[in-house]
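Database features (TrEMBL):
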| type | residues | note |
| --- | --- | --- |
| BINDING | Gly15, Ala16, Ser17, Ser41, Ser106, Thr107, Gly108, Thr109, Arg141 | FMN binding site |
| BINDING | Tyr171, Arg187 | dimethylallyl phosphate binding site |
| DOMAIN | 9-192 | domain 'Flavoprotein' |
Amino acid sequence: MGVDFQRPVTVALTGASGAQYGLRLIDALVAADHEVWVMISKAAHLVIETETTAELPARPARLAEALAQRSGARHGQVRCFGREEWMAPVASGSGAPSSMVICPCSTGTLSAVATGASNNLIERAADVALKERRQLILVPRETPLSAIHLEHMLSLSRLGAVILPAAPGFYHQPRSVDDLVDFIVARILNQLGIHHRLMPRWGE
Ligand SMILES: Cc1cc2nc3c(=O)[nH]c(=O)nc-3n(C[C@H](O)[C@H](O)[C@H](O)COP(=O)(O)O)c2cc1C
């Protein structure tokens, strides 16, 4: 008998600072029983090494095992795809999930998505999400922002993508880095319509 998970969500980690956001998002989606389809860029692996203690192999099959282990996923719940795995379901409108999150999103990937470059599977999957009018959430992190970054964000927002900067608020009086990470992950889950208890909603 097959295992039934909640609908799959694509999560791509690219080489902006804030790898913790993407890793925590994967954990939260697993905890909410969603299938999670993951892509991690080469630069993102370097950022993960620099910013976290997570040890994540590059090869997709081993990466899926490592991510599943750290998030406590069930068998088959986490799938990973390689940089040029063009036969992966995310590469086509007929196979891609209804939602994709790029978290964190580098300005390089932001630019590639805004211009339709599709030079790797992350960029192609985002291009598919846009052409199919599916949900695409980008979590950019850079400061200050140049006019190039701002123009790309505006173009993507006009195409229906959600620009959700990795800019946590402080009105919940965070006591730890985890609290700040959860602030952003909670906002992403709200956009996805996925119930969570990471932090109370405004007014609760
Ligand atoms: C430790 C580290 C931190 C970085 N932080 C950022 C960042 O916050 N924002 C950004 O746009 N690029 C950042 N970069 C640069 C990107 O990783 C680089 O432009 C890369 O080409 C992005 O490739 P990708 O979009 O394929 O992941 C960082 C790189 C490293 C090694």
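Cβ atoms here come from the backbone N, Cα and C positions, even for glycine.
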Arg187 (dimethylallyl phosphate binding site), Cβ-centred 10 Å count of other Cβ atoms over all protein chains shown, is 21
Rounded to a whole number, how many Å is the Cα of Tyr171 (dimethylallyl phosphate binding site) away from the Cα of Arg141 (FMN binding site)? 20
When you tally the Cβ atoms that lie within 10 Å of each candidate's Cβ, which of the binding-site residues (Ser17, Ser106) has the highest tally? Ser106
Gly15 (FMN binding site) to Arg187 (dimethylallyl phosphate binding site) - Cα separation in whole Å: 21
Which binding-site residues from the list Gly15, Ser17, Arg141, Tyr171, Arg187 come close to ligand 1, meaning a Cβ under 6 Å from one of its atoms? Gly15, Ser17, Arg141
Helix, strand or coil by DSSP: which one applies to Gly15 (FMN binding site)? coil
Measure from the CA atom of Arg187 (dimethylallyl phosphate binding site) to the CA atom of Gly108 (FMN binding site) and give the result in Å, rounded to a whole number. 23
CB-centroid shell, 8 A cutoff, FMN site Gly15, Ala16, Ser17, Ser41, Ser106, Thr107, Gly108, Thr109, Arg141, site residues removed: Thr14, Ala43, Ala44, Val47, Pro104, Cys105, Leu110, Pro140, Glu142
Cβ neighbours within the same chain of Arg141 (FMN binding site) - under 8 Å, at least six residues apart: Ala16, Ser17, Gly18, Pro104, Cys105, Ser106, Pro165, Ala166
Can you tell which of the binding-site residues (Gly15, Gly108) has the fewest other C-beta atoms within 10 angstroms of its C-beta? Gly108
